[in-house]
2 protein chains.
Amino acid sequence: MNTVQLTKLDKTVSGWMHDMQTHVMKRLTQKMTIETKSNHRDLVTNVDRETEQFYVEAIRTFDPQAKILGEEGLGDRVTDMDGHVWFVDPIDGTMNFVKQHAEFASMLAYYEDGQPVMAWIMDVANNQIVHGGPEYGVFLDEQRLEKPNLESLADGLIVLSGARLLYEQYGFPEIAKAALGYRVYGSAGISYLRLLTGRAVGYISYMKPWDFAAGVLLSQALGLTNGTIDGSTLNVLQSGVVLTANEKAFDDIIQIQQK
Amino acid sequence: MNTVQLTKLDKTVSGWMHDMQTHVMKRLTQKMTIETKSNHRDLVTNVDRETEQFYVEAIRTFDPQAKILGEEGLGDRVTDMDGHVWFVDPIDGTMNFVKQHAEFASMLAYYEDGQPVMAWIMDVANNQIVHGGPEYGVFLDEQRLEKPNLESLADGLIVLSGARLLYEQYGFPEIAKAALGYRVYGSAGISYLRLLTGRAVGYISYMKPWDFAAGVLLSQALGLTNGTIDGSTLNVLQSGVVLTANEKAFDDIIQIQQK
C-alpha cells in the first residue's frame, strides 16, 4: 500500500472506532446483559457482541475480500493468513468494562498476505487511540510515537496477566521479582498502550490471536521485540504466552525462562 | 467544625493541591533527581521533597497549631493524635511518577483530637481530586459520591499491593484467588480512588500512616469498612496491613484470613 492508501485506511478505521466509542460509552449508562463464557471470570456482554457486529459489517463493506477473525465468533473461521485478514477484539478487558467502566480497550488489526499493515488500539473510556503500522509510523492520536523505553527489566515496570502470576505459571513470579516492579491491569489492550507509550519495559500474558494481533503489530512497528516465552515462532493465528518488550528486557526475561 | 468552616478548609486545601498539580506536571518535563530510600525500589525525587515542603509551609501558615506527619520527614515527630494533626503524602506511587508519569497521587488528611475531619486524594496526572469527610460528604471534583459497590469479594475486583502478593504474605494469594479478579496499580492513592469511585470492592496493602490516613478517612465517610488484617484496632499513627472494603467483601476477606 502507498501512503495515500494507508492514510485512507487509517482515517476510515479510526472513524469506526470513534463512532464505536460514542456508542459504547452511552451503553455504559444503560442496563447490560452479562453472560459467562469458558468460566465465571470470562465475561461477555451484549455490548461486546453488538460492537463486533458493527465492526464486521463495516469491514465487509469497506473490504469485500476480508477474512475476519473476531473474539465473539461473528466473523469467519480463519485458518491461514492469505489475502486480507482482519482481527477484531470489540471489548478487551470485559471485566474492567463491566466492573470499572474504565480501562478496557477495543482493538483491530489488518494483515495482508501475512504481512502486518496497520492496527488500532483504543482506550475507550479515555477516548485515546494508538494507531499505525510499519510503513506508516505509530501515533497516539495525532502525536507520533518514538521507540519507547530501553530500560532493562531490573530498571523498569513489567505488565503481566494476573491469573498467570497468581497460579505461578510460565515463570511469571520470577519475572515479576526480577523487575523493578510489576503491574496488573486486566486488559491486554490497556497493557499494550502502557508499553507503546513508554510506561513499561514489557508485557507478558497468555493470549488469543485477537488479544495480541494489534499489540504485536504496533510494537514491532515501534521497534519493540515480540516472541513466545518458549522461544518458538510467534504465530498470529495461534494462542500462546506472548512476550513483547524492548530488546534488553526481552533478553532479560528469556534468560529467566531458561534458568 | 460547622459547614462554613469545613467549606473554607476544603477550598483552601483543594487550592493548594491544584497549585501543586500545575507545578508537578511541569516538573515532569524537566530533569529529576532520583534517589533510593530503604531499598532500590523505594524511590524519592526532589519533587517529592519540594512538594512536601510546599504543603508544610502552607499548612503552618493556615493552621499555626498544626502537627504535621509527612512521608519525607519535613514536618514534625507526631506521637499522639491530640490537637490538629495533618498527614502529608506529597507524591504517592513515586515509582509510577518516575516511570509512567501517571498513576501517582498526592494526599492530605486532617484529624482534630483524633477525630477524622477531612481528606484529599488527587490523581495528579488526571487532575482529579476526591475530597471530603464524615460531616461534609465525599466528592469527586464537584460530583457527590455515594456509598460505592456492595458486591462480595467473589463478584468484584480487589486491588492489592504487588510485593505482598508476590512474596505470599498475609494471605494475599488466597484473597486474590477468592476475588473475581485482582489489580495491582502501584499507588495507595490511586487504589483508594478506584475503591472510592466504586471500581473495586476492596483495597489491601501494608501501609505507613501517610499512605492510608486520607484513604481510610474518605472510605469511612462513604460507609466503607476499615481495619487491620489481624483484627487489631486500626491506629492511624501505626504502620500495618490495612484493609478497606465494603462490609460484605471485608467479612469475606477476614474469613479467608482466619482459615
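Cβ from N, Cα, C; glycine included.
Per TrEMBL, the features are:
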BINDING   A:Glu71, A:Asp89, A:Ile91, A:Asp92, A:Asp211  Mg(2+) binding site
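The secondary structure of A:Ile91 (Mg(2+) binding site), as reduced to three states from DSSP, is extended strand. Note: the Mg(2+) site is recorded as A:Glu71, A:Asp89, A:Ile91, A:Asp92, A:Asp211; in the same chain, A:Asp48, A:Val88, A:Pro90, A:Gly93, A:Thr94, A:Ala105, A:Ser106, A:Met107, A:Ala188, A:Gly189, A:Trp210 also have Cβ atoms within 8 Å of that site's Cβ centroid. Ranked by Cβ neighbours within 10 A across all protein chains shown, the binding-site residues A:Glu71, A:Asp89, A:Asp92, A:Asp211 are led by A:Asp89.
The Cβ of A:Ile91 (Mg(2+) binding site) lies under 8 Å from the Cβ of A:Val24, A:Thr45, A:Val47, A:Asp48, A:Thr51, A:Phe97, A:Phe104, A:Ala105, A:Ser106, A:Val124, each of these being in the same chain and 6 or more residues away along the sequence.
In three-state terms derived from DSSP, A:Asp211 (Mg(2+) binding site) belongs to a helical segment.
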